[in-house]
C-alpha cells in the first residue's frame with residue numbers, strides 16, 4: 001500500500017472511512033518510512049528494529065539489489081536476531097502473527113521458533129497457481145503445521161480477483177483478541193494482511209465496490225476490517241489499554257498499476273526504489289485516552305521504531321548488545337515531541353540516500369536497468385526526472401543530489417551544488433553518514449543463495465493432508481536479483 | 001492554488017489547519033473543476049455561470065490557446081453578460097469584490113459597472129515592477145478610483161517575497177462583513193486573493209513559517225485569513241445564514257515550482273493544461289447548521305455552479321435567455337444528492353476533453369510546443385506520459401484517448417480502444433459532446449486584440465495622486481498566445 005492510498009492522505013476517491021476515522025481519533029504520521037522498499041527486508045526490520053543490512057535481509061550478489069524471500073530462498077531470519085515477540089514474551093505477552101511472514105519458510109525460520117505463539121497465514125507471497133512439479137503452491141499454516149495450499153485449498157480467483165483471505169485474517173484477529181481479553185493476558189498481534197499485493201484480491205462482498213477497481217476493493221476490505229478490529233477493542237473495553245499502529249511495508253507497486261497498483265500520492269516512483277514513493281508510508285497511531293485525537297506529527301519515523309516503541313510500552317529495554325535503529329516514539333505520541341534523527345534509505349547492500357530534517361541526499365540513484373525498462377518493467381510510470389530516475393546506477397557519493405522535501409516533495413528539483421544551502425545541509429548529512437558507516441557491522445547476507453530443493457514441497461503437516469510433494473535434488477545457486 | 005495544496009487534500013506538510021477545519025465542519029468536494037486552466041477565463045466563468053467559449057473569454061488567434069487579460073488586452077467582460085452580482089442586486093444584496101478582478105481593466109469593464117457595489121483590489125495580475133514608460137505598474141482601486149500602484153504604493157519585495165496585500169484584503173473582508181451585519185443587509189463577498197500567483201508573496205509574519213518555502217508561506221497566510229473570516233462570521237452570529245465556498249481558479253502553476261508553484265497532488269501536469277492537474281480544484285463548502293459537518297462529495301462540480309447555487313440561495317432564478325453551464329449544488333450539499341452532468345475541458349476555442357462519471361475522454365492533447373519546451377517552459381515537470389502529454393497538438397477526435405479516473409487518476413493508462421468498456425463509455429460521451437456542440441453559440445472572442453495604448457496609463461483618480469502616465473499611440477495587434 002502506498003502513502004497516497006488513504007483518504008486521510010489525499011486519495012481522491014476517499015474510500016477509507018475507517019482508517020480516516022482512526023487518524024481522526026489518533027495521530028497521523030506524515031513522514032514515516034519503511035526500512036527498505038521491498039517486503040521481506042521491511043518486515044525483518046520491523047520485527048528486529050534493525051536495518052536489513054544489519055539483520056541479514058539483503059544480498060551481496062549484485063550492487064544495490066532488492067531481494068526478498070521467494071520459495072527457493074535458502075536463507076531467512078537468523079537465530080542470532082532478537083525479534084519483538086521473543087522479547088515481549090519476557091513481559092508475559094502472547095504473540096500472534098496473522099498473514100504473511102516472509103522471513104524465511106524453512107523450518108528453522110518458522111515464526112513460532114522466533115517468539116510467536118500462534119500463526120495463521122503463509123510464509124511467502126501468494127503467487128501462483130503452480131503445478132506442484134516445477135514449483136509447489138504456497139502453504140497456509142495454522143501454528144506449526146500446514147493446513148492447505150493457496151489456489152488448492154485457499155482459493156484466489158485470478159480472473160475475478162476474488163479471495164476471502166482478508167475475511168479469514170479478520171476473523172482470526174477478532175477471535176485472538178477476544179481470547180486474550182477473556183484470559184486477561186497482554187497480547188501482541190501482528191496483522192500482516194497482503195490483499196493489496198499482486199495478485200490483488202478482495203472478498204465477494206467488496207468486489208466492484210470501489211471507484212478504483214480491484215485494488216480499491218482490496219483497500220476497502222482492509223479499511224473495513226480495521227474498523228471492525230478497532231470497534232472490537234472498544235466493545236471489549238480494552239481500547240484504552242491497546243496500542244494500535246497502521247502502516248505498510250513499502251510504497252505502492254506502480255509496476256502493477258493501474259489494475260493492481262496503488263498510489264504514492266505526490267511522491268516520486270514506487271516500490272523497489274529509494275525515492276519517496278518507494279519508502280514513505282501511510283502511518284496512523286491509535287490509543288484512545290493516551291494519544292490525543294486528531295494529532296499530526298512530522299516526526300521522521302520508521303517501521304523499526306515500532307520495535308522500540310512496543311518494547312517501551314511493555315516496560316522492556318531494547319537489547320544493549322547490538323545496534324538498534326528504531327527509536328521509542330512514545331514521547332512523540334504522548335508529549336508531541338520531535339526527535340532529531342536521520343532516515344537511511346537502503347537498496348540491498350548500498351546506502352542510496354539519507355534524510356535529515358527536510359533535506360534528502362541521494363548518494364546513488366537508480367530506478368531500474370535499461371534492459372528491464374525496455375521489457376516494460378517501470379518503477380516510475382509516467383515520471384521521469386533527468387539525472388534522478390536514472391536507468392543506470394549513478395554514483396553521487398562525492399557530490400550527492402540534494403532535495404528539500406518541504407518545497408519539493410516530488411524530488412524534481414535538486415538544489416544547486418554551489419548554493420550555501422547545499423553546503424550547509426550536506427555538511428550535516430555527511431557527518432551523519434560518516435558516523436553511520438563507521439559503526440556499521442553488516443550482517444551475514446541471507447538472500448544470496450537459492451535452491452529449488454528448499455521450496456515448500458513438504459511442509460510439516462503435509463502427510464495428514466496428503467499434500468507432500470517430492471523435492472528435487474539440491475542445487476544451490478546464486479539468486480538472481482535483477483533490480 | 002492546486003488540488004494538492006491543502007492538508008485535507010493530502011499535502012504532506014499539512015499546514016492548512018483552518019481550511020482543514022472548514023472541511024471538517026463542512027463538505028469536501030473531491031471532483032470539483034474550474035472552467036478553464038487559466039485565471040481570467042476561469043473567473044469570467046465563475047461570475048457568469050457560463051463557459052468562457054460562451055461568455056467571450058477566449059481567443060481565436062490560434063487553435064486551443066490559453067488567453068487572459070494582460071494590461072494591453074483590448075477586450076473584457078461584455079455588457080451583454082449577466083454577472084452574479086448584477087443578479088443578486090435584485091434580491092437586495094450588497095456585493096463586494098476584494099482582490100483581483102481580471103475581467104478587463106478598461107472603464108467599460110470596471111467591476112462596479114457589472115454589479116459590484118464596492119471594490120478593493122486590482123484589475124490585472126501583480127506583475128512588475130515596470131518603469132512607467134514601456135509599461136505602467138498595475139493600479140489598485142478602491143471602488144471607482146485608483147488608490148495607488150503595485151510596487152510604488154503597494155509594495156511587493158521580489159527578493160524576499162514580502163507583501164502585506166493578503167492582510168489588507170483580510171481587513172477589507174472583515175470590515176465589509178461587520179458593516180453588512182450591522183446594517184442587517186445581505187451580502188455577496190468575492191474574496192479574490194492572489195498571493196499564490198507568481199510573484200508569490202506573504203506578509204512578514206508568515207515569511208519563513210512554512211516547510212514548503214515562500215509558496216507555503218502564502219498558503220499559510222491565506223489559510224490563516226480564512227480561519228479569521230469564518231471566526232468573524234461566527235462571532236457576529238451570522239455563520240448559519242452565510243454560505244462560504246473555497247476554491248481556486250486553476251491548478252497549481254508547476255512552471256513556477258518549486259519556489260513559486262504549488263501541488264496538484266496525484267494529478268497530471270498543471271495550470272495551462274486540460275489534464276486533471278490543470279483543472280481539478282480544491283473545494284470546500286461551509287454553512288453550519290445546513291451543510292452536514294464532515295461531508296464528502298464526489299459530485300462533478302464546477303466554479304460555474306457557484307453562480308447557479310448562489311442565485312438559488314438568494315431565491316433567484318438563473319437567466320432563461322441564455323445557456324447557463326452551472327448547476328445548483330444545494331441538493332448535493334443539503335440532501336447528499338449526486339447530479340449526473342458532464343465536465344467540459346476547454347483550452348481557448350477547443351473542447352479538449354470531456355468527463356462523464358469516472359471516464360474522461362481527450363479529444364485533443366497538448367502540454368505546450370516543442371519550441372517553448374526547449375526554452376524551459378514545462379507545464380508537466382518530471383511527468384511524461386507517451387502520447388498524452390504531447391508537445392504537438394494531437395487530435396484524437398475520431399478515436400479519443402479514454403481514462404478511468406477512479407483507477408487511474410493520474411491519466412497514465414489509456415483504455416484499450418478495442419475494449420467493451422471503451423465502446424460503452426465513448427458511446428455515452430460522444431452523445432454528450434454532440435449535444436454540447438450542436439447547441440453551442442460561441443461568444444464574441446474578447447481576447448484577440450492587444451494594444452499598448454489601453455494599458456493602465458491613466459486610470460480614474462490618477463490626477464489626484466499625480467500618477468497619470470501618457471499613453472502611446474493606439475496600435476491594435478493580434479495578441480500573441482503561444483500556449
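Backbone N, Cα and C define each Cβ position, glycine as well.
Features as listed in TrEMBL:
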{"type": "ACT_SITE", "residues": "A:39", "note": "active site, nucleophile"}
{"type": "ACT_SITE", "residues": "A:102", "note": "active site"}
{"type": "BINDING", "residues": "A:39, A:249, A:250", "note": "Ca(2+) binding site"}
{"type": "DOMAIN", "residues": "A:1-315", "note": "domain 'Sulfatase N-terminal'"}
{"type": "CARBOHYD", "residues": "A:164", "note": "N-linked glycosylation site"}
{"type": "MOD_RES", "residues": "A:39", "note": "3-oxoalanine (Cys)"}
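Structural mapping of features recorded in TrEMBL.
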residue: A:39; record: active site, nucleophile; DSSP (3 states): helix
residue: A:102; record: active site; DSSP (3 states): coil
residue: A:164; record: N-linked glycosylation site; DSSP (3 states): coil
residue: A:249; record: Ca(2+) binding site; DSSP (3 states): coil
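Listed in sequence order, the recorded positions near residue A:249 (Ca(2+) binding site) (C-alpha within 10 Å of its C-alpha) are A:39, out of A:39, A:102, A:164. Comparing local CB density within 10 A for the recorded positions A:164, A:250, the maximum falls on A:250.
Cβ-based neighbour count (10 Å, all protein chains) for residue A:249 (Ca(2+) binding site) stands at 25. Summarising model confidence by region, the domain 'Sulfatase N-terminal' (A:1-315) averages a pLDDT of 98.
With respect to their backbone Cα atoms, residue A:250 (Ca(2+) binding site) and residue A:102 (active site) stand 14 Å from each other.
Using a 10 Å radius centred on the Cβ of residue A:102 (active site) and all shown protein chains, the other Cβ atoms total 28.
Excluding A:39, A:249, A:250 themselves, the residues of that chain whose CB lies within 8 A of the CB mean position for the Ca(2+) site are, in sequence, A:34, A:36, A:37, A:38, A:40, A:41, A:42, A:43, A:248, A:271. Neighbour count (other Cβ atoms within 10 Å of the Cβ, all protein chains): 24 for the residue listed as 'active site, nucleophile'. The two recorded residues, the residue listed as 'active site, nucleophile' and residue A:102 (active site), show a Cα separation of 8 Å. Looking at the residue listed as 'N-linked glycosylation site' and the residue listed as 'active site', their Cα atoms lie 20 Å from each other.
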